[in-house]
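Participant: Structure incoming, see below.
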């Protein structure tokens, strides 16, 4: 018999621990293979035995997040973090937590856990790449450079790593190091570039030249080196336009104007429709101020490129002789009208904007003379498009009757062209007839139901006319409406900012209309007889709901815009690595520049300014708390203490009816799936107790961090800081406004008067801040304002404003009107002054001010 060799038995705890770790590693592999449910099953088995197994808690949170159970995922991750002392967990646990935080877009936390994974002994060098990506996302380029370098050291065989290191060095101002990095790889890859890699190689060569050019600045020797490098790489570069433009710029900096002009002529030959090249050619030839030489130049260029616009158009911008200019205008405009070019007016509109007094009467005479010689039957194409041109001409001059006359002539002749309906609607819009304008566009839309442009234009006009239901109906013809009654959800999904902002503004206007009607009904209720009071009470309840609904929906739609822009910002995350893999460093740097000004884009700023009206009003209403004001947020009218059972029963019945109505109406206004949105009407938004904090978080903070000083809206800054009690910042905004627009501006006067009155003893602002602002006003503007009259209640500030700043600055007057409760100005007199100053404005602007501002 053989004797069994005796072995020392392993402790049970160690066996269990090894089994647990094996199970965890298996669960981790399943997660990596996207088999989340199987991974969860293994993790549940581990946690059943040891509920404090931190690695399993973290991985389970990540698994749950991956299957969509985000609330449970957050709970497990929070539990795991609670059990960790500081960041002293296993490298795998820290890595898992880093991935989870990245998925939830908590980038700073993700960086913390990825760093912890490396500090705790992780050998996974891929973490450096993820770390660099996240650091780039939050703008921490200094640490991103460290991470890029570590990753590059670990994986030297990939060009993307060399490119990403060079980009990181460039962004951190280490330009020579970036050049050296790119040059080093070029030496290693010399003669080994395959056809599929040639584009990437071309981009990296041009990127290297970009860095050299930035580093050279105006140094002549360095610029010569940049030029030499450009000539050396020219055969390998695909972007010939970029290369030639750079070459011409360097020649200009070196003073080699003749060489620069040759390059610009080459660029014009390659793309004769680019206006920029012609203007730069003028500069390189040194003839910008010599109209005679410019005329000769463009005469020759027109012969070389007879079918191109710039040589024909540019002389129209500088010719001074009336007869010569008239001749050139005739040669430029009439052939287009003969061919029936719809964009003829658009082509010459820059001339109207820059040389209105000289060009406008000449073109009017030329085109009217041309029209008088046309036969509508024999020359139908020139006839209709000449009328179309003249209608646009008179619309630009704000001669609306004549504009209507000519577009009607075109429509009477050919009522089947959509462009004519669009122009007629524009004219009616300027006249303030929004309902009629929308109706005209609807007629035009019916002519071509497959045209998305006319569809969107019609939607926009219906929204401007406050006909939201019809606008949504028309917009929904081009949306996916699989799981909803209209296209609202799809328009949010595709981030159609133009529609959402227009709809928000329409809701805001409806809110103002209903609020005004509600105030009128409340006043009427006190005056009418008892037999009519019940009907009025019902009308009040109806309007209360509509006020609340429109206000909430307006704010809801405005708040959708920053969500889109946050998504745009988050979308950059993938490109921090994608652009390096694809070898497009120049495009990547353009994206970084775009991201730095993301929250200053026109649509975002427009939504922010409109939303500020609601947030500021909510803040002001909250502060007033007048006992005699009608509370628009309540669901029912106060019943003077009567609490009979019949009234309670009635109230209960009304509440049930309202809930049913909300359910019905929610289907047509819901912007998101029901499981993602529990506040369809935005009621929680308008019930906030912190409107200014909400405005700052949603809009203002991002805007304020990114906006350039020369683009900043100082009025918005002033109003925001005024409401949060930061008078010193209000003065700073006033001061900057004065430097940009002068101290004669009506808006400057209005802002200063409001700020002056904020320093009175009876205002709720900080006494120290009031003293600081008073001293600042005395120092800077003592000659502009009667500062000693600030405590004089009988002083006529409106008369002072009128004498000092005039009475025609409508924006300044409207600003004063908004703060009429804070400044002792007779609101009726101010209102009369505003109305009397409306005459220079277009009818639609007059209507808007009368209806929504006063």
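Including glycine, each Cβ sits where the backbone N, Cα and C put it.
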Participant: Given the candidates 56, 674, 776, specify the residue that Swiss-Prot annotates with phosphoserine.
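Facilitator: Record says 674.
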Participant: Suppose you had to name the range Swiss-Prot annotates as region 'Disordered'; which of 626-668, 712-754, 798-840 would you pick?
Facilitator: 626-668
Participant: Excluding the flanking five residues on each side, which residues at least 6 beyond the ends of the repeat 'TPR 7' (452-485) place their CB within less than 8 Å of a CB in that stretch?
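Facilitator: Cβ under 8 Å, 6 or more out: 418, 421-422, 425, 429, 434-435, 437-438, 441-442, 444-445, 491, 498-499, 502-503, 505-507, 509-510, 513, 667-668, 670, 673.
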Participant: State the non-local partners of the repeat 'TPR 5' (241-274) in its own chain: residues 6+ outside its ends, Cβ under 8 Å from one of its Cβ atoms.
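Facilitator: Cβ under 8 Å, 6 or more out: 206, 209, 213, 218, 220, 223-224, 226-227, 230, 233-234, 280-281, 283-286, 301, 304-305, 308-311.
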Participant: So what sits near residue 674 (phosphoserine) in its own chain, CB-to-CB under 8 Å and at least six residues off in sequence?
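Facilitator: Same-chain residues close to residue 674 (phosphoserine) (Cβ under 8 Å, separated by 6 or more): none.
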Participant: Sort out the residues at least 6 away from either end of the repeat 'TPR 3' (91-124), same chain, that have Cβ-Cβ distances under 8 Å to it, and list them.
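Facilitator: Contacts with the repeat 'TPR 3' (91-124): 28, 54-55, 58-59, 61-62, 65, 73-74, 77, 80-81, 84, 130-131, 134-135, 137-138, 140, 570.
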Participant: Take the repeat 'TPR 8' (728-761) and find every residue of the same chain, 6 or more past its ends, with a Cβ under 8 Å from one of its Cβ atoms.
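Facilitator: For the repeat 'TPR 8' (728-761), the far contacts come to 709-710, 712, 714-715, 717-718, 721-722, 769-774, 776-777, 780-781, 784-785, 787, 790-791, 797, 801, 804-806, 808-809, 811-813, 815-816, 819, 822-824.
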